[in-house]
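**Student:** Straight from TrEMBL, here's the annotation block:
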type: SIGNAL; residues: 1-26; note: signal peptide
type: REPEAT; residues: 175-235; note: repeat 'Cys-rich GLG1'
type: REPEAT; residues: 304-363; note: repeat 'Cys-rich GLG1'
type: REPEAT; residues: 427-494; note: repeat 'Cys-rich GLG1'
type: REPEAT; residues: 499-558; note: repeat 'Cys-rich GLG1'
type: REPEAT; residues: 619-678; note: repeat 'Cys-rich GLG1'
type: REPEAT; residues: 686-746; note: repeat 'Cys-rich GLG1'
type: REPEAT; residues: 802-869; note: repeat 'Cys-rich GLG1'
type: REPEAT; residues: 931-991; note: repeat 'Cys-rich GLG1'
type: TRANSMEM; residues: 1036-1059; note: transmembrane segment
Amino acid sequence: MAVCRRVPPLLLLLMSIVLYVHPIRGQKLPNNAIVKSVVSVDVPAQNQGGVAAGINGPVVVALPPRKRTSGWKLAEEGACRDDLTRLCPKHSWNNNLAVLECLQDKKEETEIAADCNHLLWNYKLNLTTDPKFESVAVEVCKTTINDDVHSQGEVIACLEKGLVREAEEQPGAHAIRDECKKAIMRVAELSSDDFHLDRYLYFSCREDRERFCENTAAGEGRVYKCLFNHKFEEAMSERCREALTTRQKLIAQDYKVSYSLAKACKADLRKYRCSMDTNMPRAREARLSYLLLCLESAVHRGRTVVGECQGEMLDYRRMLMEDFSLSPEIVLHCRGEIEAHCSGLHRKGRTLHCLMRVGRGDMAAIDSLCQKALQTLIQEADPGADYRIDRALNEACESVIQTACKHIRNGDPMILSCLMEHLYTEKMVEDCEHRLLELQYFIARDWKLDPILYKKCQGDASRLCHTHGWNETSELMPPGAIFSCLYRHAYRTEEQGRRLSRDCKVEVQRILHQRALDVKLDPELQTHCMTDLGKWCSEKTESGQELECLQDHLEDLVAQCRDVVGNLTELESEDIQIETLLMRACEPVIQSHCHEVADNQIDTGDLMECLVQNKHQKEMNDKCAVGVTHFQLVQIKDFRFSYKFKMACKEDVLKLCPNIKKKVDVVICLSTTVRNDTLQDTKEQRVSVKCRKQLRVEELEMSEDIRLEPELYDSCKQDIGRLCQNVAFGNAQVIECLKENKRQLTQRCHHRMFKLQEVEMMDPELDYQLMRVCKQMIRRFCTEADAKNMLQCLKQNKNSELMDPKCKQMITKRQITQNTDYRLNPVLKKSCKADIPKFCQSILNKATGDSELEGQVVSCLKLKYADQRLSPDCEDQIRVILQESALDYRLDPQLQVHCTDEISRLCPEEAAAQEQTGQVEECLKFNLLKIKVEGCKKEVLNILKESKADIFVDPVLHTACALDIKHHCAAIPPGRGRQMSCLMEALQDKRVRLQPECKKRLQDRIDMWSYAAKVAPAEGFSDLAMQVMTSPSKNYILAMIGMGVCVLFLFGLLCGRITKRVMQEQKDR
């Protein structure tokens, strides 16, 4: 706007008279035009606004010159009389503007005489110099009218700017009366077909027109459109740009100011009744935004809008996105945000995107009215339907579209979805990422702004969510709530009814996938969780981290945020593909192991279950493993977060575990119920079959990571930091580390670990490390074995040549664990349930409930085995333990406890070899005299004692004498020292020739037993009997014992006869 000085009314009048007398310079008339003269007429009556009801002005007519007469009428001119009579109603003839409007409208439908056309053109050209406008301009434009150039359209231009200032409520704006506003807008409308008629814009843009639109013919608004398209070119002059902006703002207030738009869309406006709302002020109906919303609504409903009109709408929608100042609401309500954050960014939509960034909360808080104005503008422009409308986005994302989305037709709404699919990928560029998220933030808040979603779901939304038309809103169901309604119905089961159509469900899933990329794309999440995001997640800035952080702090969130995060997590458990970033990270393992589930998944949680099961495959990368583990950790917070578990067990949970929410507690509750029913041989299990199956899956998954068992993890957190700080979670590695260091654990952790091992020994499938390491061996040896007998089967095949060394080592570890406490060996516990309290009650009395027995009960039973006092079932189990521990000293906990130092001192080579052949025990036996620790000496003596009871307990001797046993003792059953006695008899029988090695080993055993008898005398008759039977002088001892018995017998007989005679004599007396 030119800076001008105030002009006295008299000077204005004088200049207007000069204008009327002299034709306007620079105006070229058509070659076939006849000579015209200017006729000035007076308007007798004025309305309240200071402007004539029918504004009459200087008119150029194709008549001989004549004097100005009062009350001149267009209807009286001969050039237009015939057309007027034919086309316009008679009651409008007295109003020049009404006649002009009528002929303007009709000439689009029928031909008008050439002379009449010239008359109308010149009338419109000179209309802007009407003194009635100038009288208004004295007030409105008193500081902005130049005293020498106002005749070149300055007055009407000033009034137009005043109209804009008033609409934008700019400081210092003057109020313009409604009648005057209508007149100003009417003049702007009448000049809309030819830019020559807007004198101010014409003179401001003459050079720019030659520069940018030289080949564009005047008429039908073509030059206007051409200049609009080049408005932000660097070469465009500021004065022309300002004049164009003013005209665009007038178009925003009344679409008829755009000739091309009004003409192209006239039929569609009438067809779809876009001007028939009687409850709406006429001024609002005329607004460009109302026209766009009305026609866009028709397009989105699948109605036909002519291509020419759609093209015009596209141009003006792009115009709104390019220049924020065309929206009075943005200028009015976002003034503070623009000044604070977005000044100097007026071109190519940058200011608008800056405001969007503020609206997202990336820069500062935004005023609610400004936020609403932005949302309204996005709806009016509807860039979701065609990304090209958003010039800033189009320019920023051009390279990405050319590479990642080249397969999609240019302008297709799916381009935006394609860009979202490539968000945070290598193909995405930073500037495109920012522009895309800024736009998607507002599209996400109104489901209608995603045209594909609206097209596929409008029927479902109307049926299930009671929505209205595209451009209608309801307080009961605001736009943001409709998508929530849709996705709640998207994941309903058939039993729940009222599900979405398949096409709509696909689109809802697509939107959910997009929202998972950025927490701000979920309106509910951002609305209810902003406080918690700031409190708990301020440092989580990478994509996807904010939602994970909220899930990690679920218990700490405020109630509304907790509900939103809980619902979203529950939804993810059903369809983990919503987690787009996780799916990208897990692509290799999905393609290798889960592709069938991923391709055919029908919302059942199968994909996540597959990822968990394959979490340790070689294709699994760190990002995927972390994401899967995080989801597992989130699931334990609420059993509803595990979709398959929830669907399988929800009825059982309500019946058996009411008021329990945490998944781990629910699993424990149901598992305990199943275990109790099994132990009690209940005819009908209380937990349903489908729940038991899924419960098994959950138990197996929980065994993989100690963090999935919160009570165990909390109890051992300190020990993990102290003993296992370099051990990674997962693969049950931390649990294994704690087992190996159990002697150093705190009491609380030790107690929890013991309980865990007790469960694992009862159900070996829950021993994750055992099942993982021995997976192939289980397939080889134990395919037919019951799950609960898996460890027993592996133990039986432990020494097979085909046994994998790693698996063998793991089996040995579990055997060591079992022998530390009879409670960790379910088979032994069951077989010896009567023998343990009978023979080992003193040990049980000394033990506390939380402490392990360190093999004391097993040692007690071993001694009773040697005494041959155990029940058959218990004896069989102890024999197996004795045979195994004889081969590997580590399987004897008491020997480990008492002889560790002695083994290191006396048998270091044998211990280092770790050959499970009994060499360490053999070394201790040979060095019995050198053992200094009494406890160790006692344990070795017990080993010697046990070996007398069964040759299998002495693997070295058994190996040396295997052939002799086969030749000389084949008919003698093993056990109870029978085969050992057989070998001893063979050793003493000079007729029998034993193998040299066997003979040597037997002689060594005799010497050991002799020493043992001296060091540890027999504690009872059974020990004495065993020593006799295994003594080299057994026959002599037995002969002497027999002789003594005979002597006692004879003596008894003699004494008995004497006693009988004495008694008889006493009776006779």
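Including glycine, each Cβ sits where the backbone N, Cα and C put it.
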**Student:** Give the mean pLDDT for the repeat 'Cys-rich GLG1' (931-991) on the 0 to 100 scale.
**Tutor:** 85
**Student:** Is it the case that the repeat 'Cys-rich GLG1' (427-494) and the repeat 'Cys-rich GLG1' (686-746) touch, counting contact as three or more CB pairs under 8 Å in which the residues of each pair are 6 or more positions apart?
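**Tutor:** Contact absent: fewer than 3 Cβ pairs fall under 8 Å.
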**Student:** Go through 304-363, 686-746, 802-869 and flag the stretch with the largest number of C-beta pairs under 8 Å relative to the repeat 'Cys-rich GLG1' (499-558).
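**Tutor:** If we count Cβ pairs closer than 8 Å to the repeat 'Cys-rich GLG1' (499-558), 304-363 scores highest.
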**Student:** Write out how many residues of the repeat 'Cys-rich GLG1' (802-869) are helix, how many strand and how many coil, based on DSSP.
**Tutor:** 47 helix, 0 strand, 21 coil
